[in-house]
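Here is what TrEMBL records for this protein:
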type	residues	note
BINDING	Lys7, Phe8, Gly9, Gly10, Thr173, Asp174, Tyr179, Arg184, Lys209, Val210	ATP binding site
BINDING	Thr47, Glu74	substrate binding site
DOMAIN	264-348	domain 'ACT'
Amino acid sequence: MARIVMKFGGTSVADMTRIKAVAARVKREVDAGHEVAVVVSAMSGETNKLVGYAREASALHDAREYDTVVAAGEQVTAGLTALALQAIGVNARSWLGWQIPLRTDGVHGKARILGIDTDDLTKRMKDGQFPVLAGFQGLGPDNRITTLGRGGSDTSAVALAAALHADRCDIFTDVDGVYTSDPRIVTKARKLDKITYEEMLEMASLGAKVLQTRSVELAMNHGVRVQVLSSFVDAPGTMVVDEEEIVEQQVVSGIAYSKDEAKITLVKVADRPGIAAGIFGPLADAAINVDMIVQNVSEDGKSTDLTFTVAKADLDRTVQVLESRKAELDYKAITPDPNVVKVSVIGVGMRSHAGVAQTMFKTLAERGINIQVISTSEIKISVLVNEEYTELALRALHTAYGLDAA
Ligand code: ASP
Ligand code: MG
């Protein structure tokens, strides 16, 4: 007998037919004698609708009331899933975040989980009850409803799996696993049987929307075995596991891309101490995240170009902040460029293999693709290239690293 947390995303609970299919899927594990806890998202599209209502009610909405509104979608699916389970003879019971309680900090709209009280849950599970939890929501320090940020029910599920010491956390979604690259672009992309936490973390933060980044962090920190699989097809998915569990590690496991970034160059900015702080300090104060940064050595010792990337959505604000500091920063011009894509190759095998970056540079060069910015970490190399090369770059790299399906 195993203890399993099963999480179903928005498309898996999109309507009553799907919810009944979910109940049948859960019943299979129940019938196999497992202890099962279920976590559900809102029906797909529902949270967007609720966010829209909150914005319409008040542009500068009170974050606490926003959470009261957007948490509602999960209440509906938790209740309906419990009903659908009861209808097929499973002793299910719904739980909202506050009823458990799942405690969070007070950062409404993006709260972090502080702890889950599992005493009552475990007792009931031992007595043969199957809890169905509303994902995405928790209880803040002032006893108000909080939500965990978009995609947060993944994090609810992993946190619950950690708290219950579950053997596995199955995340059911509309894709059947984690792929070596986006299968819509790279037709030869393959589903991975296993991927390490660290690689998954990079992929999630690079915009592969399968799992909320925070859920992967949590899984890694608590050693929760996560499986990403589809609720539409009956097949094993991708296991997210510790590096040691992967016997034959590829040097590169995946190629990700993000069109969410924009590039900004400050032309001929003064080259003196304090300038970087003068640029990035005000951006941080404006809650603008900066990702890649390159600065050249100046030729004349007085000024140099500085290029960096921010989220596309922050581009206009970034330009505004920098323009308001023009006098102090002493630059000649700002050139914003939203038409870029960040392409990244990811793999823990990079730690022990040389020449991985060279393969990337050479492959792109052979296709005539100019690299604008490069950044690297221990297990990732990212380059910024013109957006029009997205498909070409992904496919060429996928082949170059030997990832193509046979
Ligand atoms: N329903 C929430 C959202 O759409 C949480 C989730 O689905 O994970 O972001
Ligand atoms: Mg999701």
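Each Cβ is built from the backbone N, Cα and C atoms, and glycine gets one as well.
Any TrEMBL annotation is an automated prediction that lacks curation.
The structure, with features from TrEMBL marked on it.
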{"residue": "Lys7", "record": "ATP binding site", "contacts (Cβ under 8 Å, 6+ apart)": "Val38, Val39, Val40, Ser41, Gly135, Ser153, Asp154, Ser156, Ala157, Cys169, Asp170, Ile171, Phe172"}
{"residue": "Gly9", "record": "ATP binding site", "contacts (Cβ under 8 Å, 6+ apart)": "Ser41, Ser44, Ser153, Asp154, Ile171, Phe172, Thr173, Asp174, Ser231"}
{"residue": "Thr47", "record": "substrate binding site", "contacts (Cβ under 8 Å, 6+ apart)": "Gly10, Ser41, Val70, Gly73, Phe136, Arg150"}
{"residue": "Glu74", "record": "substrate binding site", "contacts (Cβ under 8 Å, 6+ apart)": "Val40, Ser41, Ala42, Leu96, Ala134, Gly135, Phe136, Gln137, Ser153"}
{"residue": "Tyr179", "record": "ATP binding site", "contacts (Cβ under 8 Å, 6+ apart)": "Ala189, Arg190, Lys191, Leu192, Gly254"}
{"residue": "Lys209", "record": "ATP binding site", "contacts (Cβ under 8 Å, 6+ apart)": "Gly151"}
Within the predicted model, mean pLDDT of the domain 'ACT' (264-348): 92
Given that the record lists Lys7, Phe8, Gly9, Gly10, Thr173, Asp174, Tyr179, Arg184, Lys209, Val210 as binding ATP, what is the largest C-alpha to C-alpha distance among them, in Å? 25
What remains of the binding-site residues Lys7, Thr47, Thr173 after requiring a CB under 6 angstroms from ligand 1 is Thr47
Number of Cβ atoms other than its own within 10 Å, given for Thr173 (ATP binding site): 23
As a check: which entries in Lys7, Gly9, Thr47, Glu74, Lys209, the binding-site residues, place their Cβ less than 6 Å from an atom of ligand 2? Gly9
DSSP tally for the domain 'ACT' (264-348), helix/strand/coil in that order, comes to 28 helix, 34 strand, 23 coil
